[in-house]
Amino acid sequence: MTRACLQALWSHWRRNPLQLFTFLAGLALATALWSGVQAINAEARASYDAAATTLGEGRFDQVLPKAGEGFAQEVYVDLRRAGWQVSPVVEGRLRLDDGAVRVIGLDPLTTPGALSPVAGTRDIDLSGFLTVGVLFADVATAARLADLPQEVVVDASVAPDTVLTDVGVAQRLLERPGTLSRLIVAPEQPMGLLPLADVAPGLMRVAAQGSSDVGQLTDSFHLNLTAFGLLSFAVGIFIVHGTIGLVFEQRRGMVRTLRTLGVPLRRLMGLMAAELLALSLVAGMIGVVLGYIVAALLLPDVAATLEGLYGAQVAGGLQLRPVWWLSGLGIAVLGAGLAGAGALWRIARMPILASARPRAWAMVAGRGRQVQGAVAVVLLALAAVIGALDLGLLASFVLLGCLMIGAALALPLIVGAVLALGQARARGVISGWFWADTRQQLPGLSLALMALLLAMAANVGVSTMVSSFRLTFVDFLDQRLFADAYVRGIDRDQMPGVEAYLIAQGYDVLPLLSVDTRLAGVPSELMGARVGPAYARNWSFVDAGPDAWAQVAAGEAVIANEQLVRRAGLWLGDALDIGDGLRLPLVGVYGDYGNPVGQAIVAETLFTSLFPEEAPRQFGVLGAPAEDLRADLGAEFGVPSSSVVDQAAVKAFSLGIFERTFTVTAALNVLTLAVAGFAILMSLLTLSAIRLPQLAPVWAMGLTRGTLARIDLLRALVLAALTAVLALPLGLALAWVLLAVVNVQAFGWRLPMYLFPLDYARLGVLTLAAAGLAALWPAFRMARTPVSQLLGVFANER
Amino acid sequence: MLLDVRNVTKSFAGADGPVPVLAGVDMALDLGQTLSLQGESGSGKSTLMHIVGALDTADSGEILFDGRDIAALDEAGRAALRRSEVGVIFQQFNLIPSLDVTENIRFQARLAGREDPAGVAHLIEVLGLGPHARKYPEQLSGGQQQRVAIARALAVRPRLILADEPTGNLDEATAAEVLAQMLALVADTGAALMVVTHSPAVAARMDRQLHLRAGRLA
């Protein structure tokens, strides 16, 4: 019986291959975008975990210098003598021909268990690690270390762009003899230890954070990606839902017949559910493969984004991790289950003698319209309430969900009302029929239109956010890069001579000194600047006290970027410890977009007194065209022309990084819109198959097939245009939520919102083109429908 | 002569080659005349009706409509002929589901540019559709839907009315009532009527009865 039933059920798909394709393609596309995003997230998280495991971040308490980059190794010896179970770490950037890698030196004898890879590598003996020097790195990084004298061992668990070695070897490589960066505190400590402040007053203990800093920093970015993945998945599920609904409606007759012939309902339901499961697994597998391709294409840009925004290192290669391909299959099955549950339920409740006529008209009549409207109103009201209250990051994503789903549910009602208005005002007979028939088609196209609405609103919202961010960023660059040219990358010994020469030439020279350090426990950059009128004229603050620059110039105060003050929980009036026990009041907070680390600025004189060995790393030069400077400095000092950079080039470089940062978002935007276009195509193709009985009488009364095809094309364009018009305010609302709610919750700062009418017009044209393209094939099929097929509608012996 | 059909042939593609449906049919029909076309299933009666109604084309032969050869018309020409000269009543009614009763009745007349509100109102009244004028097809019974289809075909004031099993989906009493109303209205317009039917009772009400057997008139 089971085999016969399955054969009967499968015969529907065999006779309707387009429906089978729609189901598989819709679910596969939905799964692809979801699992693609999951693959990227899994890869990034694996990289963070590798880094955290390597460095002990998150798992063990750390002892760090209160200020500065490092501390003397003797302090470590003092702590060990005092009984502290601590292990030394030295870390820094090692410059190679093709960039830099992060070098981390550990002591395998004192490192807490399972932190060092030495223990897990059988063919490396400990004495070799300690004496000759062995470097551990992943495959890509190991290849870059070929010129180093040390043996390089490939270890996939080491974070990307990171080299792990013995602490002594690291000190030699980094040229920091006798200096340590931090200490890892073992979980078990002897009783009666002397307090840390007594043994090492310059150090402070930081508690384990449970997860890595970078993991927390990037959570918001990954949440955004996941939200995009979910949105794409929702768009795909709209396709699947429509197909499953149609398939089950069309099989009502078969179900009735099978039950009449004695197949128990329970068996039939089980077989239909199994059929759904099998198909969703097939679609899921196709989707996972497609997702892998999407992820592999996007991952390099995501890696660049994470490094640009957060300084997080993510491997550029993709691994087949079970967590995401299993989640891909899982979500395919879940999506098909969600889409098919309602249809299965209706079949289960169908009386055995119920009419086998498809309930297409019941669907058309839109019995659930009132319920749908009520749910939409409730969701939109909920969104408004959450928007008005300050409930945290998760709530702001709930707000986004309510807004998008509520608007999607409201769409068919609003479009229906507009179409009714069109019908009421139509003068001609064909236009009257056009509006009436479009209303008739609306329920069948609703899901595709909702998908289009979501895709387009996401496009408007995200592009508004990105473009607003871009404008703000450009403005920020104009403030920060006010010098005409920058001199950098020349020999430190040459710097004083070059500076003196430039001043003698009458140029305004602004040297920039900096050291990497920790300020208030936050990895930061402390800068020394020659504060003058140029700074006061060009820089704008997020918040500042009166005469902020004057106080900084006098060496009496410090200013810091938002990243530092928010992470350290500081604001104006608080004091910041900048080293050697010197605490200065914070008098200004400035925006510093795209900088992953904290930053503070003090006067040049104060900086040089704190760090007398530091020389300026670069100069900003006012009033000097870069071309002239290149010629002058080249002739006088032999400075290569590449060391003199003009302001425009720096801006272009910064903007280049920025643009790459949002490549992923743009790619996901396009993919989502493409999926929505596919949804329209599939809906129109599906409808065209069941629509012949509606069109044949109109054809019989004297409209040609070509005219009907053109009307169908126009219908798709009108519906897409209506959807686009409604997507615009929804997209702007989305942008506002992203900028004014999500951004504030995630990053702590709010961006101004700008409008970009030309971009929206371009997107509208793109949407119409997508809808037009999607409608072209069904319209072409309509124009070429054989007369015999149209006549078949009128045949008596059907 | 309104309709003059000469040696018309038509075949359809089958699994084993072309299957002849009409094998040289000759017939004529003039204004004010009624004619029934009977035959077994597959005898070609619906095909012949479709060809004379410019819904389909013949493989060979001539179909002269008021002296014009339909076979020589292109698709647009055939569509124009259907729009203004032919009214078709189908067994399945084939109303436009998105339009209400009145709009359905007016539809073809408006397409042909011959809308006559008074005429439409008269048809609605005569056919007893007044209480249903704003209803949609799905809200009507089969008999009511067929009355709407008749009204729609007549509202355009065609010269040729084709009815394919017009009462085939109706119960006996309703069928008799609908047929009577249709014949009375057709007689009023002076159009030619060709009815395809299995029913001897329906055929008996026509001026002439033709039988098709294996693609030929018997």
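Placed from the backbone N, Cα and C atoms, the Cβ positions cover glycine too.
Small disclaimer: the values here were computed from a predicted structure and weren't measured.
Marked as domain 'ABC3 transporter permease C-terminal' by TrEMBL: A:227-352 (among others).
Each residue of the domain 'ABC3 transporter permease C-terminal' (A:669-786) gets a DSSP state, and the totals for helix, strand and coil are 102 helix, 0 strand, 16 coil. Annotation comment: TrEMBL describes A:669-786 (among others) as domain 'ABC3 transporter permease C-terminal'.
Summarising the annotation, TrEMBL assigns transmembrane segment to A:225-248 (among others).
Packing against the transmembrane segment (A:268-299) from elsewhere in the chain are residues 2, 5-6, 9-10, 20, 23-40, 43, 244, 255, 258-259, 314, 316-318, 320, 324-325, 328-333, 335-337, 340, 344, 347-348, 664, 667-668, 671: each is 6 or more residues past its ends and has a CB under 8 Å from a CB in it. Per TrEMBL, the feature transmembrane segment maps to A:268-299 (among others).
Taken from TrEMBL, the feature transmembrane segment applies to A:323-348 (among others).
Summarising the annotation, TrEMBL assigns transmembrane segment to A:369-389 (among others).
Residues annotated as transmembrane segment in TrEMBL: A:395-421 (among others). Same-chain residues lying 6+ beyond the ends of the transmembrane segment (A:395-421) with a Cβ under 8 Å from its Cβ atoms: 223, 227, 231, 366, 369, 372-373, 375-380, 382-383, 386-387, 389, 435, 438-439, 442-443, 446, 449-450, 453-454, 457-458, 719, 722-723, 726, 730, 733-734, 737-738, 741-742, 745.
Long-range neighbours of the transmembrane segment (A:442-462) within the same chain, counting only residues 6 or more positions beyond its ends whose Cβ lies under 8 Å from a Cβ of the stretch, are 228, 231, 234-235, 238-239, 241-242, 363-364, 366, 404, 407-409, 411-412, 415-416, 419, 665, 669, 672-673, 675-677, 679-680, 682-684, 686-687, 690, 719-720, 723-724, 726-728, 730-735, 737-738, 760, 763, 767, 770-771. Sequence annotations record features per position, and here TrEMBL assigns transmembrane segment to A:442-462 (among others).
Sequence annotations record features per position, and here TrEMBL assigns transmembrane segment to A:670-692 (among others).
Summarising the annotation, TrEMBL assigns transmembrane segment to A:713-740 (among others).
Within the chain, the transmembrane segment (A:760-780) has long-range Cβ neighbours (under 8 A, six or more residues past its boundaries) at 452, 456, 459-460, 463, 673-674, 676-678, 680-681, 684-685, 687-688, 709-710, 712-713, 715-717, 719-721, 723-724, 727-728, 731. Residues or ranges marked as transmembrane segment in TrEMBL: A:760-780 (among others).
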For the domain 'ABC3 transporter permease C-terminal' (A:227-352), the averaged pLDDT of the predicted model is 77
